[in-house]
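*Asks:* Pasting in a structure now, in structure tokens, and then I'll have a few things to ask.
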Amino acid sequence: MTKRTFAGVLGFRQQLHGVQTFSLPDLPYEYGALEPAINGEIMQLHHQKHHQTYITNYNKALEQLHDAITKGNFTTVAKLQSAIKFNSGGHINHSVFWKNLTPTRDGGGEPPKCSLGLAIDTNFDSLEVVIQKMNAEGAALQGSGWVWLGVDKELKRLVIETTSNQDPLVIKGPNLVPLLGIDVWEHAYYLQYKNVKPDYLKNIWKVMNWKYAAEVYEKECP
């Protein structure tokens, strides 16, 4: 499978008429690099099909919005808000998700150290508590959604939250920044784990990129 280098969380280009459109970010690893925790087929479908669909529909909605505003059709503007929210959220969440993962050969699963490790001990007593709580909340989430470890950048406090569908973490609070997000939509695990979501949640920690989470934490809470 082709190795991909990540070109930015929200890569975009400009089209005619000044409409900003978004493109699929490349992965920083090969599709099969996270095996056996997440197999290559899942990663390829998840990235090329699911994430790409959110981007395609987001761009389409933005173009329709531009056209509706130009024509003064504000009924259409209102109707487009749901599609824009859903598909932009799908793009934002997945762009974070790919960076939350890394192969074990590159440090996947290695516990956080320094300031993030200390913050976890302060806020939750231990990393094991964080993992157990996120796994429990992810398993209990009805329907589709995400479970997040985030930081309130104003209070400098770690939080664990869930969001429905493709809602990003900021929905739960304007000062919340995601450190780690786990996709618990069925498309993220079903081909490999079938309906046993707890096994997926257990194994994904083996390829969790705590180095990335620590970098975001230190940027937001210097």
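Including glycine, each Cβ sits where the backbone N, Cα and C put it.
Okay, so TrEMBL annotates it like this:
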- 21-101: domain 'Manganese/iron superoxide dismutase N-terminal' (DOMAIN)
- His46, His94, Asp183, His187: Mn(2+) binding site (BINDING)
- 115-215: domain 'Manganese/iron superoxide dismutase C-terminal' (DOMAIN)
*Asks:* Between the binding-site residues His46, His94, His187, whose Cβ has more other Cβ atoms within 10 Å than any of the rest?
*Replies:* His94
*Asks:* What does DSSP give as the helix, strand and coil breakdown of the domain 'Manganese/iron superoxide dismutase N-terminal' (21-101)?
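*Replies:* In the domain 'Manganese/iron superoxide dismutase N-terminal' (21-101), the DSSP-based counts are 63 helix, 3 strand, 15 coil.
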*Asks:* If you run through the domain 'Manganese/iron superoxide dismutase C-terminal' (115-215) with DSSP, how many residues end up as helix, strand and coil?
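*Replies:* Across the domain 'Manganese/iron superoxide dismutase C-terminal' (115-215), DSSP assigns the residues as follows: 52 helix, 25 strand, 24 coil.
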*Asks:* Far apart in sequence but close in space: which same-chain residues, 6 or more away, have a Cβ under 8 Å from Asp183 (Mn(2+) binding site)?
*Replies:* His46, Asn93, His94, Phe97, Trp146
*Asks:* What other residues of this chain sit with their CB within 8 A of the center of the CB atoms of His46, His94, Asp183, His187, the recorded Mn(2+) site?
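*Replies:* Close Cβ neighbours, site residues excluded: His47, His50, His51, Phe97, Trp185, Ala188.
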